[in-house]
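Since the structure comes first, as structure tokens, the remarks are kept for the end.
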Amino acid sequence: MRTVVVLGIVAMACMVAMAQGGNFFQDAEVSWGQGRGKIVDGGRGLDLTLDQSSGSGFQSKNEYLFGKIDMQIKLVPGNSAGTVTTFYLSSQGSTHDEIDFEFLGNTTGEPYTLHTNVFTQGQGQREQQFRLWFDPTTAFHTYSITWNPQHIIFAVDGTPIRDFKNHEARGVAFPKSQPMRVYASLWNADDWATQGGRVKADWSKAPFVASFRGYNADACVWSNGAQRCPVGTMETAASTRRGGGWWNQQLSDMSYRRMRWVQRKFMIYNYCTDPKRYPQGVPAECKLR
């Protein structure tokens, strides 16, 4: 089984690597950093920089209400302790929804921590953390969020690592009514990011740089109070079942097995298995399948 899963991961990674993304000039804007974020390569890439004075970030020009968002990222190489690189979706306000990829840097030779979280109506604390099965600093890898009315699926190079399901019928809130923008950032979090803040950023290694490309949003754009979906989205959803278009995508049996393999091998924290954090019992979604 392990051989089959690994081959599947490699094959999917090759397929994803061939995918082409949009143009950052058209799709995004550098939102902070005083010049530390720069669109490069004719709009095909965007570099974010962090130094001791400031980090940087960008956001999508559009807001989305459901979709599949892909981003290729090459993380800060070498000693990245104290740095955090993010790629996430978020709405606005105190009761915002949010879907997070965060990459916590580490000392040279130690692996990054991939931190995921889901906020609903302003409430988060649904962290799952992973080590990656490759070095994310030597090449671009694709990180994807599929968000539809029933699932939020996190994937790395096409391999699902987490599936947050809609359990509203069981009293669990699910993000489905607040449009969200895509955000990415590189910032200093050396008070907590690496080994609980024990290891600080080495500013002699600055500036730190994280590179982005292949941004692709196959998503329903929210504009002037209305949702505008790509042509064929609903037709594809009506004519396909499991594994079809993103609107009704859920994990096939094979995808579910691959996700469980990743979780068994590479997950290092799961809020659902932390009884010390929840002495009165874990959240309701942790008890549902």
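Placed from the backbone N, Cα and C atoms, the Cβ positions cover glycine too.
TrEMBL: automatically predicted annotations, no manual curation.
Per TrEMBL, the features are as follows:
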SIGNAL    1-21  signal peptide
DOMAIN    18-212  domain 'GH16'
ACT_SITE  Glu98  active site, nucleophile
ACT_SITE  Glu102  active site, proton donor
CARBOHYD  Asn106  N-linked glycosylation site
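Counting only the Cα atoms, the space from the residue listed as 'active site, nucleophile' to Asn106 (N-linked glycosylation site) is about 25 angstrom.
Its Cβ taken as reference, Glu102 (active site, proton donor) is surrounded by 20 other Cβ atoms within 10 Å in the chains shown. Counting only same-chain residues at least 6 apart in sequence, those with a Cβ under 8 Å from the Cβ of Asn106 (N-linked glycosylation site) are Ser80, Ala81, Tyr112, Thr113, Thr194, Gln195, Val199.
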